[in-house]
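Peer 1: Have a look at this one.
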């Protein structure tokens with residue numbers, strides 16, 4: 001027995017853990033956070049600040065600053081995300097045009113800006129001005145003819161290859177995490193998974209630069225998905241400046257949810273759609289407070305982008321349109337058909353793209369990312385150049401497809417045969433027979449549609465930043481425009497049919513093909529991502545047309561129903577499963593009648609569970625257990641005989657606590673007793689100082705009984721964001737269920753490979 005004096009003396013030393021020491025509460029890379037613990041730590045921190053604020057004016061001011069820090073972070077995220085989006089838009093505009101020519105008066109001007117500043121531009125030839133020269137005019141002084149065409153064709157391909165090669169090289173050398181869309185990983189991170197460096201400063205810088213390069217190269221990808229990743233990198237950077245967020249992974253994820261909303265806000269110029277996208281598609285935990293802050297971040301980001309005005313049209317997006325005719329009930333049938341097409345395209349794309357990405361991961365193809373990007377870019381550029389609808393940037397293509405044909409439109413899609421006796425206001429041009437330009441545009445659009453469908457399957461998932469929103473919308477917009485022109489011509493030539501008789505009189509402006517393009521774009525995007533509410537809001541914010549919500553809703557719901565009939569997973573969930581991320585989707589249903597005892601470890605025939613005892617193990621015993629196992633934590637029991645549960649200790653915190661104790665506390669040696677109780681155990685007189693580790697012990701670990709249905713266990717893991725759950729019977733420890741065990745069991749029940757879940 002140690003005497004009272006020794007006990008008091010050693011007590012002061014042993015309680016050194018009552019002061020926090022570095023790195024306690026942090027997590028290893030590729031591990032899951034403990035949401036309950038993070039929430040509890042934040043509550044303790046808040047209680048402490050509130051009680052201190054009553055002590056002095058300075059502490060009260062500090063508490064106010066702490067309360068306002070969340071809004072300050074949102075303001076900073078909105079400002080930086082909006083600025084980066086504006087810079088990306090301006091740079092993409094310039095570099096896309098650089099593939100075809102250069103502005104002599106100022107080389108940093110895009111084609112449009114160059115001709116804006118020219119005094120010699122006429123309205124009819126607004127795309128032609130002496131200051132803008134194609135490469136053939138500049139190099140060989142020829143603008144027409146076979147040699148000029150071949151030279152422009154060759155330089156278009158060379159510029160595309162140069163941009164793509166530079167992008168893939170930068171990603172490979174400086175920031176491997178800058179590739180892809182980023183949304184599957186953002187979803188996984190927001191569900192509580194740690195991927196260190198994924199939201200780092202290097203990733204932010206390289207993703208911003210390479211996003212400009214890959215979009216300018218003409219590849220079939222968009223910048224909208226990667227902009228969500230860029231905004232989340234901004235959120236991660238600013239949250240690291242405030243201890244409230246940098247020291248609490250749960251609070252950090254609230255900031256990242258708001259940052260995702262800001263990303264969509266600047267990607268589409270849709271602040272409300274951004275908030276709904278974050279809520280519906282990416283966020284795992286979205287309290288009401290985060291909703292308000294997301295709204296504020298999205299507002300600031302949209303305001304910043306509007307101030308930069310990258311498109312010069314005082315709008316937040318390139319393809320803002322306004323239609324002047326209402327839609328009619330009979331048109332719901334083609335709208336629903338477009339929804340069916342969107343669902344089928346979504347299913348086809350997901351299956352083919354996942355099959356190709358799996359092939360990339362499992363064969364030698366994955367060892368040559370640079371070569372793959374170069375080959376796909378070369379094929380894209382060679383096939384895209386001859387067709388005017390694939391040569392231009394995808395955003396410009398969507399803009400043209402969405403446009404209503406006014407009196408001043410010069411597009412081939414608006415080459416209708418006019419009635420010379422027509423005297424109508426400019427806004428209300430009646431339906432007219434299609435001219436030769438419309439028919440040739442239809443053929444070119446059909447070829448462009450097939451090309452986009454095929455090439456996007458191989459482009460998405462390469463080792464470069466690649467978004468899917470714009471290519472999906474382009475596929476739908478092309479299909480929709482063709483259907484729209486078909487319905488328009490049918491209505492014009494057969495206006496006496498019963499379906500047209502009531503609403504389409506001769507000389508009336510009945511059908512708007514641009515509206516069909518918009519509905520088709522929504523249907524295809526919905527089919528691929530399975531978004532519904534946020535998709536409709538984004539689309540009507542894009543177009544400013546509130547009266548077209550019903551067609552958009554009909555198409556979005558139909559595309560989701562059709563796509564869900566073939567498989568419940570959207571493209572992002574499919575990529576999460578392909579990469580083996582431990583993501584428990586809230587939308588997944590678990591209907592099997594298994595029990596906790598069927599899933600827990602150890603199973604029959606396996607070695608017993610590795611546990612710590614409350615007061616009978618030495619420092620050396622604990623270190624040996626840590627060294628011989630790779631578990632994330634250990635249950636603490638009264639003794640190995642009784643196995644009555646006391647609590648749970650995290651592996652990382654045990655290592656840090658023992659390391660700190662050896663450095664800061666005299667007398668702690670390998671045979672010092674480790675105890676987790678409030679009072680030290682009774683020890684022989686000359687034994688070394690014991691080590692008290694009660695502070696790092698979780699005294700209320702989540703437990704279930706062995707007969708708890710797995711349906712309930714899965715729900716608990718989903719709704720509480722648990723890392724692990726202990727299985728007991730009458731207070732005795734039987735086993736443990738981790739998030740990985742739950743995911744493996746769900747995969748097994750769905751007849752999938754349980755070993756595909758890679759991370760802890």
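Placed from the backbone N, Cα and C atoms, the Cβ positions cover glycine too.
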Peer 1: Please find, within the list 515-540, 541-566, 567-592, the residue stretch that TrEMBL describes as transmembrane segment.
Peer 2: 515-540
Peer 1: In TrEMBL, which of 296-313, 314-331, 368-385, 386-403 is tagged transmembrane segment?
Peer 2: 368-385
Peer 1: To which of the residue ranges 132-152, 195-215, 405-425 does TrEMBL assign the term transmembrane segment?
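Peer 2: Matching range for transmembrane segment: 195-215.
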Peer 1: Looking at the ranges 38-60, 107-129, 153-175, which is given as transmembrane segment in TrEMBL?
Peer 2: 153-175
Peer 1: Test of understanding: applying the rule of at least three C-beta pairs under 8 Å (pairs 6 or more apart in sequence), is the transmembrane segment (227-243) touching the transmembrane segment (332-356)?
Peer 2: no
Peer 1: Mind tallying the domain 'CBS' (697-755) by DSSP state, helix then strand then coil?
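Peer 2: Result for the domain 'CBS' (697-755), in helix, strand, coil order: 24 helix, 19 strand, 16 coil.
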Peer 1: Between the transmembrane segment (68-92) and the transmembrane segment (255-279), are there three or more CB pairs that fall under 8 A, provided the residues in each pair are separated by 6 or more in sequence?
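Peer 2: Answer yes, regions in contact.
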Peer 1: Taking all residues of the domain 'CBS' (600-664) together, what is their mean pLDDT?
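Peer 2: 88, rounded to a whole number.
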Peer 1: By DSSP, what is the split of the domain 'CBS' (600-664) into helix, strand and coil residues?
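Peer 2: DSSP composition of the domain 'CBS' (600-664): 24 helix, 17 strand, 24 coil.
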Peer 1: In the same chain, which residue numbers or ranges, 6 or more beyond the ends of the transmembrane segment (195-215), come under 8 angstroms Cβ to Cβ?
Peer 2: 29-30, 84, 87-88, 91-92, 95-96, 163-164, 166-168, 170-171, 174-175, 177-178, 182, 185, 188-189, 221-223, 226-227, 229-230, 232-237, 256, 393, 464-466
Peer 1: For the transmembrane segment (68-92), find every same-chain residue at least 6 residues outside the stretch whose CB is under 8 Å from a CB in it, and list them.
Peer 2: 208, 211-212, 215-216, 223, 227, 230-231, 234-235, 238-239, 241-242, 244-245, 255, 258-259, 262-263, 265-267, 289, 293, 296-305, 307-311, 318, 393
Peer 1: Six or more residues out from either end of the transmembrane segment (153-175), which same-chain residues have a Cβ under 8 Å from its Cβ atoms?
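Peer 2: For the transmembrane segment (153-175), the sequence-distant neighbours (Cβ-Cβ under 8 Å, at least 6 residues beyond its ends) are 95, 98-100, 135, 200, 202-203, 205-207, 209-210, 213-214, 216-219, 369-370, 373-374, 377-378, 380-382, 385, 391, 462-465.
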Peer 1: Taking a Cβ cut-off under 8 Å, which residues six or more beyond the ends of the transmembrane segment (468-487) line up next to it in the same chain?
Peer 2: 181, 220-225, 267-268, 331, 334, 337-338, 341-342, 345-346, 349, 389, 394-395, 397-398, 401-402, 413, 434, 438, 442, 445-446, 448-449, 452-453, 456, 459-460, 511-525, 527-529, 571
